[in-house]
Amino acid sequence: MSEPKNKRQKREDYRAALRANGVTELPRKKFYRQRAHANPFSDHSLIYPPTPEQMDWASLYPHYAVEEPIAQKTETTESEETTGQELSAPAIRKLTKQVEVADIGCGFGGLLIALAPVLPETLVLGLEIRVSVTQFVEDRIKALRVQNEEQKLYRNIAVLRANTMKFMPNFFNKGQLNKIFICFPDPHFKARKHKQRIVSTTLNSEYAYVLRPGGIVYTITDVPDLHEWMVGHFNAHPAFERVSVEEQEADPLVEIMRNETEEGKKVTRHNGQKHVALFRRLEDPQWPEDVSA
Amino acid sequence: MALPYHVLKVCYGIVFAARGSNIHSFDSNFNPISVWKYPVKQQETNGEKAESETPAPIVEAEELPAPEGPPAKKRKVEDGEVVAVSEESKEESKEDTTEGQTETKTESQTQEVNRRSRRQKQKQKTEGGWAKNNKAVLEKPFVQGMYLTTDGRHLVAITGSDKTIWVFEHDGAGNLKQLSQRAMPKRPCALALTPDDKTILSADKFGDVFSLPLLFTPSEPTAAAAASTIASEVATPEPTPSAPATPAIPTPPTTDVAKAQSLSVKPQANELTVHTLRNLKALENQKRCLERQKAAKLAAALQASQFEHTLQLGHVSMLTSVAVAVHPSHPGRTYIITADRDEHIRVSRGIPQAHVIEGFLLGHDEFVSRVCIPEARRDVLISGGGDDDLFLWDWVSAKLLGKAPVLAEVKKALPSAEDADKVTKIAVTRIFDVQQGEKTQIFVICERIPLLLIYTLTSANTLQHTQTLSLLGNPLDVEYLKAESKLLVSIDPNTSSETQEEEASNGGVSSILALSFDDSESSWKVTPGGLKATEAAEEESISLSPQDLQKLLYTTESLRKTNKDDE
């Protein structure tokens, strides 16, 4: 049993050394491997804010933080009489802009890094449920930021460990996002695991909640049946319509999604197929009472 | 050991009280009216008849449908005999077509279930002490909740381990007539009825909310199910895998059947998507397996839920409470409010737009176990759970209005400092509102805390603690008898033994306490007129071990996240 321990030790040493150096060189994947699946239903010891307002975005995007923490006194006059508890929390530094693009299940972060220079004015957040993988992306972004300090690159991307199936509304407000990427999600082949799929009728309602009308969900997979599943579920959902193929191919981000994700590269190596589908978030329907009135 | 009345429901002058798996009804003076007994099946009779161990005053229990076919997934099992209450009522038992074929499978399945059954283990543990007819008690699932239609004509109940929703017709005088029983695919945790009284919303353990019609005729859907199966068997070449259960499109049985079919046709991975030898092998294996399972799955899909139920919305978390709400500002709009174990309270639109999420009420740090929208103040919502406080919300604009301490009040009210130190966390189990003239009173009980906390919801939208009442045992449920202005609190008589003995000398412990408001002291006081434990315990004493009973009665604290596994 000494072997695995050794391996773990090596990993820890490596990561510690990397951090000590101020993370200037790119991390090596072999020290961050983790099994490919995580159970989204179990209670991981996750860290998530109780509400999106209490999320500390400034530590993820330090370059976009508002200079000085705003004294929140003015805003809270209304709720002040209720309890002082919210006020006791340390003032959270706000960002100059909000996260508008989310990569759900960002894996080793290939898409994030490819998107950073393409969407320089947009904050992009990768969400990943696996601890080690998240750490890898974190170190990778740190290193990239240091290496490209002069060009000010990679300051608009960040990664977060989260279970989006459960806690997406803890991070994003209603209509906050403009784009959601779901790239090569875990296919969960078994029928009894279908509830663990990242696309489902009920979860689509949550994507619709965080997306603003007109926002787009990008999906790509190499599993034909999963592709059909995702298309079927998004098409069936009243809040989404599929984007036409012409429009899809005109979107430069689709090409990036095809070729820049780690999984995408792997599928290319194996001559696999890649199935892409985009869906647009529609306006919420009118209330039935308003329609009849 | 006496079973407590753990769920109460008041319908005008009638009190329904669930005790174990039975529902008793009383008039406002606690004179017994009738008992509905959970249908029990005996091995010998092969479940032809509902067995009632003791002659009850009026037993409205319907005859039970004969067990037929393989049990629906994970149903209760008794000594190798399936208590599969597979789809409704007697009409179906005529339809014996599938019965013969599946008979043998039933046996083996049953054994399997048996082996795994935790109950079975408990049985072995306590076997010696069990009276013969008590075997049935454990296999009878407890009533988990009772809900009334606004007109009081129907009572809907859920029972726990058999995942069944029961609908009863209420004649207005306390007599129940069982209309239907429907076993849900997953265990329902809470129900709500739409304002028009036509639809039941069932929130289940797996986070989904299904809508099902209050009334239905069992025979017809069965036929429809069979028909659709045949149809899909003949013509489902379109590859849409498992026709996604779209909101507002009936999920079953088409979904189940389609799922079973599309699955059995081909595995979803192909040679291009697996990259290692081992995975390739696994894929081949999978193909073979699927082939074999095809027939079995189709049969299973047929058996599964053959009544109309529609997926309306879902969380990826266990649901704990569901409410249908109408905000005073828009009387034409209905909302569905759902609370889950992962601290969320979601506000969605009502049917048919339940896919639109209007907002989340976020701020809880622990599970939410109850939400309450006071009858007279429909613009606010009070929520509670594993947190130290109650939360008060303006739910339509998703704004937190304030909090009110619960744990602190509990600590204050406990007799000794020692006790107070022991209580470090609480789990709110009930939040109940009573309108008293202009005053909206909120009653709160917490799990295993022998206190009743009383708050007043002020017009300035604050929750003010007004009184804490010490009880002689753990409270289980709260209800209000409006006509008599009496608050009813059911008590677990098995708690706090010393006080019980004391009380016994004073004429017995109450299993349902009656409280009334004393205007001169402006506080709530216990009044005579409750239900004495001695009166209540006349029939079958429970055969459960105290520990098992506790497990069945006190389930809220277990929602707290403890062993968070990682990696």
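Here the Cβ of each residue, glycine as well, is placed from N, Cα and C on the backbone.
Please treat TrEMBL annotations as automatic predictions, because they have not gone through curation.
Pulled from TrEMBL, these are the features on record:
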ACT_SITE  A:D186  active site
BINDING   A:G105, A:E128, A:I129, A:N163, A:T164, A:C183, A:T261, A:E262, A:E263  S-adenosyl-L-methionine binding site
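A C-beta separation below 8 Å, combined with a sequence spacing of at least six in one chain, links A:T164 (S-adenosyl-L-methionine binding site) to A:A102, A:I104, A:G105, A:L127, A:I129, A:I198. Within the same chain, residues at least six positions away from A:D186 (active site) with a Cβ under 8 Å of its Cβ are A:A36, A:H37, A:G105, A:Q196, A:R197, A:I198. Its Cβ placed at the centre, A:I129 (S-adenosyl-L-methionine binding site) has 21 other Cβ atoms within 10 Å. The Cβ of A:T261 (S-adenosyl-L-methionine binding site) has 26 neighbouring Cβ atoms from other residues within 10 Å, across all protein chains displayed.
The number of other Cβ atoms within 10 Å of the Cβ belonging to A:G105 (S-adenosyl-L-methionine binding site), over all protein chains shown, comes to 20.
Using a 10 Å Cβ-Cβ cutoff, A:E263 (S-adenosyl-L-methionine binding site) registers 20 neighbours.
Among the record's S-adenosyl-L-methionine binders, A:G105, A:E128, A:I129, A:N163, A:T164, A:C183, A:T261, A:E262, A:E263, no two C-alpha atoms are more than 20 Å apart, and one pair sits at exactly that spread. Classification of A:T261 (S-adenosyl-L-methionine binding site) by DSSP places it in coil, neither helical nor stranded.
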